[in-house]
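All remarks here apply to the structure that follows.
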Amino acid sequence: MSQPVYKRILLKLSGEALMGDDSYGINRQTVERIVSEIKEVADLGVEIAIVIGGGNIFRGVAPAAAGMDRATADYMGMLATVMNAMALQDAMRQVGLVSRVQSAITIQQVAEPYIRPKAIQYLEEGKVVVFGAGTGNPFFTTDTAAALRGMEMNANIVLKATKVDGVYTDDPKKNPDAVRYQTITFDEAIAKNLKVMDATALALCRDQNMNICVFSIFKPGALKRVIFGENEGTLVHC
Ligand code: UDP
């Protein structure tokens, strides 16, 4: 029987992934479906750390553009990611998946603070660790937090869950001739300005030799296929 090719993963879930077809917030059925995919992989013995976004609730850039102080808006965005982390944790609890939320901003009544060795210990114990509040710093994104935590957790790979099933030569919604890359190097992705992760996250992963797999969380079974190293999504490598 085939074995998972990754022992420990860092899964980046955007806030929008939790939204489903709604225009904002958290869609219960969508979260349950995502959690069932996560559980399937956890049951294989894969250690799972998750960085959750907050775009479904609050994104700092637009309010800042409208005149709000950028740092304040970004802190609000980080708090939004903590709410998503709590929703995800609760959905995991309901299916018997034990998890811990660690926040990069101290907010102790609702989540533990981020402590690296403790997070690693949880992973070793088979608990899912959900990282909230991004990097804890304004002017960053949860993509960068995913790159950072992936490295800190010594994950084998960063899995970027999106709505599209990989990186394409062009926008597949606009161009029917767009082709999905099965693999692509960091340098090529950067040179061609392809949408993988934001530039800071991409540069960090490239410099630290951390591969990224971009795949669709909306495609049933895709996460599991990525874990088994099947031709799913796009592998971005050095
Ligand atoms: N954010 C931040 N620092 C971080 C991570 C996030 O300031 O390290 C803020 C920022 O305002 C961002 C918002 O939190 O717009 C939500 O994060 P992100 O946009 O990355 O979420 P996603 O697009 O993945 O849902």
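In case you wondered, yes, glycine gets a Cβ from its N, Cα and C as well.
Under the heading domain 'Aspartate/glutamate/uridylate kinase', TrEMBL lists 7-216. For the domain 'Aspartate/glutamate/uridylate kinase' (7-216), the predicted model reports an average pLDDT of 96.
Taking Cβ-Cβ distances under 8 Å and a sequence gap of 6 or more within the same chain, the neighbours of Asp171 (ATP binding site) are Ala178. The annotation ATP binding site is assigned in TrEMBL to Lys12, Leu13, Ser14, Gly15, Gly55, Arg59, Thr162, Tyr168, Asp171.
Counting only same-chain residues at least 6 apart in sequence, those with a Cβ under 8 Å from the Cβ of Asn137 (UMP binding site) are Ala104. Positions annotated as UMP binding site by TrEMBL: Gly54, Asp74, Thr135, Gly136, Asn137, Pro138, Phe139, Phe140, Thr141, Thr142.
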On a C-alpha basis, identify the one among Lys12, Gly55, Thr162 that is nearest to Thr135 (UMP binding site); the candidates are the binding-site residues.
Lys12
Which residues in the same chain, at least 6 apart in sequence, have a Cβ under 8 Å from the Cβ of Phe139 (UMP binding site)?
Arg70, Ala71, Asp74
